[in-house]
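In TrEMBL this protein carries:
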- B:T65, B:P66, B:A67, B:G68, B:E69, B:G70, B:K71, B:S72: ATP binding site (BINDING)
2 protein chains.
Amino acid sequence: MLSDIEIAQQNEMEKIQVIADKCGLTPDDIEQYGHYKAKISFDAIRRLESKPDGKLVLVTAITPTPAGEGKSTTSIGLVQGLQKIGKNAIATLREPSLGPVFGIKGGAAGGGYAQVVPMDDINLHFTGDMHAITAANNLLSAMIDNHIHQGNELQIDLRQLSWTRVLDMNDRALRNVTVALGGKVCGFPREDHFMITVASEIMAILCLAKDLEDLKERFGRIVIGCNLAGEPVYVHQLGCQGAMALLMKDAIKPNLVQTLEHTPAIVHGGPFANIAHGCNSIVATKLGLKLGDIVVTEAGFGADLGAEKFLDIKCRYGDIFPDTIVIVATLRALKMHGGVPKQELSTENVEAVTKGFSNLQKAIENMRYFNVPVLVAINKFATDTDAEIAELTRLCDEFGVPVELNECWEKGGEGGTDMAKKVVELLEGPKPTPKFVYDLEDSLEEKVNKIVKTIYGGDGVIFTDKAKKQIKQLADWGLDRLPVCMAKTQYSLSDNPALLGAPTGFTITVSDIRVANGAGFIVCRTGDVMVMPGLPKRPAALNMDIEADGTIKGLF
Amino acid sequence: MLSDIEIAQQNEMEKIQVIADKCGLTPDDIEQYGHYKAKISFDAIRRLESKPDGKLVLVTAITPTPAGEGKSTTSIGLVQGLQKIGKNAIATLREPSLGPVFGIKGGAAGGGYAQVVPMDDINLHFTGDMHAITAANNLLSAMIDNHIHQGNELQIDLRQLSWTRVLDMNDRALRNVTVALGGKVCGFPREDHFMITVASEIMAILCLAKDLEDLKERFGRIVIGCNLAGEPVYVHQLGCQGAMALLMKDAIKPNLVQTLEHTPAIVHGGPFANIAHGCNSIVATKLGLKLGDIVVTEAGFGADLGAEKFLDIKCRYGDIFPDTIVIVATLRALKMHGGVPKQELSTENVEAVTKGFSNLQKAIENMRYFNVPVLVAINKFATDTDAEIAELTRLCDEFGVPVELNECWEKGGEGGTDMAKKVVELLEGPKPTPKFVYDLEDSLEEKVNKIVKTIYGGDGVIFTDKAKKQIKQLADWGLDRLPVCMAKTQYSLSDNPALLGAPTGFTITVSDIRVANGAGFIVCRTGDVMVMPGLPKRPAALNMDIEADGTIKGLF
């Protein structure tokens with residue numbers, strides 16, 4: 001089998017106008033970025049507003065192994081499969097972060113014969129959205145330090161700033177820094193932190209904003225910390241929301257690309273799935289619903305995190321709701337949940353599959369809670385055995401959930417036509433009525449409790465004293481009735497990564513609470529959440545190269 | 001008079017294909033970035049290699065006032081004027097840095113009716129070149145800290161790292177920082193600094209590299225500091241030059257835009273004119289010579305800095321040489337050199353013009369040293385009086401140098417046709433034979449001495465003890481025979497910003513010497529050089545806004 005970049009480079013792409021034409025976009029509707037990428041204009045988006053919506057398919061997954069279960073690959077394979085059976089399908093996906101490309105990951109635009117292309121560009125600078133976010137985020141940081149330096153009229157407390165700088169790079173040396181050293185001309189020294197760009201609230205805002213105006217208003221509402229009197233300080237008090245929006249004027253336009261089989265794909269926005277909601281932009285998903293009869297989108301991490309937030313945050317703000325949910329499962333992950341150690345996941349173990357099914361079952365129950373029809377999609381790996389696949393299929397049948405194996409990674413759309421047909425069947429049912437885990441009027445404690453009990457299967461939540469104080473502060477500020485964004489390990493339904501399968505009898509401990517007031521949610525952190533990754537002993541960057549003729553190596 | 005952004009927004013641009021067509025580029029030769037910007041492919045560059053070169057006009061200036069004398073405006077006005085008189089002219093200019101846009105400056109794409117457009121995009125993210133440089137620079141920083149963290153096989157001395165991080169933002173708080181705080185998982189704490197992106201050696205390399213392969217080789221040659229044994233550490237020892245080049249695969253392609261009058265302009269690369277050489281890319285200038293019969297390019301700061309480096313560094317590496325040099329002069333700057341304080345520069349003062357002529361005279365002599373015909377271009381301001389203009393014209397006539405007033409700022413190309421005609425006349429002379437201030441074989445001390453005596457009009461150079469040690473180290477490393485890049489105040493021919501006019505009897509003190517081995521020059525710093533600007537009391541960002549319909553405010 002060829003590497004992802006080799007497959008991508010051998011693939012003959014269509015010019016992006018051809019893809020645009022396929023979804024009814026005129027040459028004036030798009031702004032090309034090279035021959036194979038384009039931004040879609042807001043004029044086009046507004047023109048299409050009156051068109052009826054297509055159907056929405058959400059792709060999520062069981063609790064994943066560290067390698068991930070192939071949600072992007074399955075999503076891309078699914079639209080390729082839908083196209084193969086004659087459907088007008090479109091994918092709306094997250095855009096990858098540049099930093100991890102140079103670390104372990106190497107790339108994040110699907111895999112094998114289910115990729116979005118040009119994969120090199122999508123994995124590198126793409127259309128510059130990440131860089132725009134970095135600039136807007138860091139302009140705000142510079143404006144804050146400058147405000148303090150130039151007299152600090154707002155009395156900003158430099159000990160209590162929650163706004164941090166960002167960079168789109170895996171760089172552990174930037175996690176904790178002191179800035180403004182060097183004496184009077186360099187400002188007031190203080191502690192600061194760099195997060196990776198996708199963890200910026202700017203990214204979450206981009207993904208939840210309706211349009212440029214909404215984006216600017218949300219920027220204005222961002223709380224950057226508090227003043228010496230303990231009151232919140234908003235960006236609109238600093239007055240730079242206009243300049244920040246100006247920096248984002250192109251980033252807010254969705255990006256059009258294609259799959260290896262020339263299916264249209266909108267790749268736009270990609271916030272973290274821990275301290276943010278982990279889904280591509282509302283603008284992109286809603287546009288997809290105007291352009292395609294079936295839209296396939298994905299949410300980060302497992303169904304307990306990405307999908308819950310997709311439904312409770314993104315769907316609520318975007319006034320959308322999925323018509324079908326696809327849960328990606330791998331035999332490897334099931335065996336892991338059945339107790340098999342990482343190095344033995346390639347060995348046949350039917351018993352472990354049976355045992356590990358509990359995790360998938362909980363994911364199915366969770367998604368069915370929302371009254372949406374569910375399909376289990378087995379993402380086939382070369383090491384899966386017939387006996388294991390038969391056992392998983394039997395378990396699904398027994399549980400009464402449709403299941404379909406797919407070989408999209410190896411065979412592209414051809415390997416996903418059976419899955420596509422099943423999805424089409426499920427889409428023929430009645431439109432689900434939107435349902436959420438909690439009400440907006442619930443208190444913060446109630447909201448988290450409902451998520452823990454309904455989705456995680458736990459007994460309840462414990463707030464540390466620090467978290468309780470923070471809740472009190474948010475209540476005092478009148479900012480405590482927003483949706484909740486849980487920042488929790490993706491490796492367990494609980495907040496303990498060692499608890500596999502479908503644990504019960506546990507509680508969740510919330511140790512830190514921050515308002516992302518511009519994005520419009522409250523982040524509840526359980527345990528340490530890594531917001532700035534580091535590079536490994538041997539970074540992927542060392543394998544990367546570009547030859548004089550443009551041939552790229554080491555992106556995978 | 002309208003503001004720059006208003007003029008730009010009222011202007012009807014041609015689609016970029018039309019501009020490409022005008023210079024003989026096919027649709028396949030360019031990669032569009034939106035409707036009005038494009039990258040030019042290396043396939044096109046290679047195809048055009050056998051075409052004969054056009055004529056090259058360098059635009060430089062007298063020693064400037066803090067506001068600048070309008071080199072970009074004059075350069076753009078000149079190509080517009082050349083086009084008006086029927087010439088096939090093209091401008092090759094520097095791309096502006098994002099950071100200063102939010103500070104005092106507000107923009108840097110010409111002014112009035114002599115601008116390159118789309119000015120908003122050119123001033124903001126443009127085609128992402130700056131962001132690519134930021135990413136390549138900071139990937140190297142992350143790789144360095146990661147190397148040290150993961151065992152430090154190369155024995156890099158973290159006390160002696162000369163490579164710093166960069167960000168394209170005016171942010172004084174990042175001038176001096178400590179990084180890698182937070183214990184074992186965050187690396188080894190050390191002092192670091194952020195420069196503004198245009199000060200990165202990556203930018204200088206982009207502007208001096210022949211092609212992608214040369215770029216990668218130059219990245220490999222960068223010296224990042226030394227090891228515990230005092231030996232230089234090169235990027236190729238870390239092994240990430242390939243990944244860095246991959247990040248720059250699009251940034252190395254020149255950007256095509258247009259003037260307000262639809263003249264083609266290539267805007268590509270823009271290194272600092274103090275710690276770097278201050279000219280747009282060699283790739284862009286050489287491509288311009290294939291596309292246009294007359295190419296107008298500019299160099300940063302005054303003739304003592306940008307033009308000297310253009311000739312001694314860029315021309316040497318690029319195997320090019322100007323056919324004519326235009327020296328931009330303003331009455332305001334001449335009066336300043338004649339001793340008039342800043343707040344009185346708008347008042348008529350013919351005597352001060354006479355007195356301040358010494359600075360212009362020295363610039364003319366300097367440029368004539370290179371045996372290139374010179375034209376003095378008076379950039380007209382509304383406050384200039386007829387008597388002042390007459391006096392300057394008289395002084396030029398007396399000195400035997402052609403002089404022409406232009407009103408490009410107010411009238412565009414129409415205001416520059418007389419200047420254009422004079423340039424065409426000068427271009428009819430014989431091709432100048434390349435001449436340089438120093439030979440590459442000269443010692444570092446000899447090179448600096450020659451620049452000081454020949455160009456600055458000083459008596460010689462003093463090296464501090466620190467600088468002497470650094471020269472010895474470069475000699476030990478065998479890296480001491482490169483061209484010299486003087487980092488000196490732009491406000492005086494000397495290294496003392498208070499010495500106006502054409503001072504004599506002074507010496508220059510070099511206090512710090514660094515090799516930019518990838519770029520291929522040795523930076524000699526005289527006094528403090530600001531490599532990370534700060535924001536002013538009232539940043540331009542506060543005036544900026546973008547409305548729902550896309551109307552932009554506050555860029556000027």
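Every residue, even glycine, has its Cβ placed from backbone N, Cα and C.
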**Complete:** For the binding-site residues listed (B:T65, B:S72), most other Cβ atoms within 10 Å of the Cβ sits at B:S72
**Fill in**
Apart from the site residues B:T65, B:P66, B:A67, B:G68, B:E69, B:G70, B:K71, B:S72, the 8 Å Cβ neighbourhood of the ATP centroid comprises B:A61, B:P64, B:V328, B:T330, B:A333
**Complete:** Long-range Cβ list for B:P66 (ATP binding site), cut-off under 8 Å, min separation 6+ in sequence, same chain only, gives B:K342, B:Y491
**Item:** For B:E69 (ATP binding site): intrachain residues, at least 6 apart, with Cβ closer than 8 Å
**Value:** B:A61, B:I62, B:V328, B:A329, B:T330, B:A333, B:N379
**Prompt:** Fewest other CB within 10 angstroms, which one of the binding-site residues B:G68, B:G70?
**Reply:** B:G68
**Prompt:** Which residue, of the binding-site residues B:A67, B:K71, has its CB surrounded by the fewest other CB atoms within 10 A?
**Reply:** B:A67
